[in-house]
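Take a look at the structure set out below.
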């Protein structure tokens, strides 16, 4: 009788221990997610040939692995979190399958598995992105979860923006930064990369973060509102200093997607006016800046002609291997180089074309047309999910949904003229998973 009594008394304690262990593992996953959005944009190293993307890729891989380990531990200990089906899930698995098959049949499997130098977006990187998306769904899939991620990301945005503005006035801190700043600058123009590996990536990151900072500020109360709006102001000043035209277009598109929220548009207009003075006085000569801006309309020369050149030849490569593509990160190997035409379009400086400068074309040439369509479906359904969330939410939740919709619009517009990068993609995939999980929570009435 005493043995039976002691065994029955031990059951609740075993359940409590399992619940405590499950909560610890869940906290590991949540902590890894928060660290991703804070650390990945900031982390750099002064050692080695690549001070930016290599350390960011390693950081992303370690944190994604920790998040998955925490998830598995929580699941084994408590059986939670239960699987939550989201709208993008079917095309997400189809996309991952296409990535795997294309890597196996790649023109260069080593590049496709591990990624190319300075890029590192191979099979392992995309597995990490998908893992972060699913972690976002199951550990941050609510209004509270998305808000926590956005606020954490906002801290990183303030740090990177402040350092970007500071770069106008101080010399580079290490050799890698000096090389990047010199490479992207020109006569009469100085462009700032902050800690994001290039002005282009920095501009894309800021175009993503500005709507989120504005939404956070507008939904905040008291003094914190002015802090978040000031952070958005700082970010837009830094965006102007990147002189990244695709990011400018993306920021405008983000503002357009939130035109119903007039307070956001009004705040954005005020910030634009405040940043103009620093742009023309701190970055370069007004004539040089204006020449850089109007070059976007000239399809016969400059970056527009370069993109048309790359796109036309990428389409030819897609036609040769349409089903499984050439493999991730192999474009630089298989691109049809012609020295005469390269010099005519890009100038005499040696040029390697390793990105299509269009996200959809990059996926099509890398993993095939079916995989690219699955990839497009993932992001299309992510947008559809956030629109549904925005329509159903109210108050601060509705403002946050509008901010994420604007941020996602900015990102998707920007990568059609650029490409996915390991400095930014992990943050976007994690936020996308969180928003998709939030929509699923609303749909299921939880």
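Note that Cβ sites are derived from N, Cα and C of the backbone, with glycine treated the same way.
Among the residue ranges 226-251, 330-355, the one that TrEMBL annotates as transmembrane segment is 226-251. Between the transmembrane segment (196-220) and the stretches 24-45, 57-78, 153-175, 396-413, Cβ pairs under 8 Å are most numerous for 396-413. Of the ranges 24-45, 57-78, 360-384, 396-413, 419-438, the one with the most Cβ pairs under 8 Å to the transmembrane segment (153-175) is 24-45.
Put simply, of 24-45, 57-78, 123-141, 360-384, 396-413, the stretch with the most CB pairs closer than 8 A to the transmembrane segment (419-438) is 123-141.
Among 123-141, 360-384, 396-413, 123-141 has the largest number of CB pairs under 8 A with the transmembrane segment (57-78). The stretches the transmembrane segment (123-141) and the transmembrane segment (360-384) are not in mutual contact, being linked by fewer than three Cβ pairs under 8 Å (pairs 6 or more apart in sequence).
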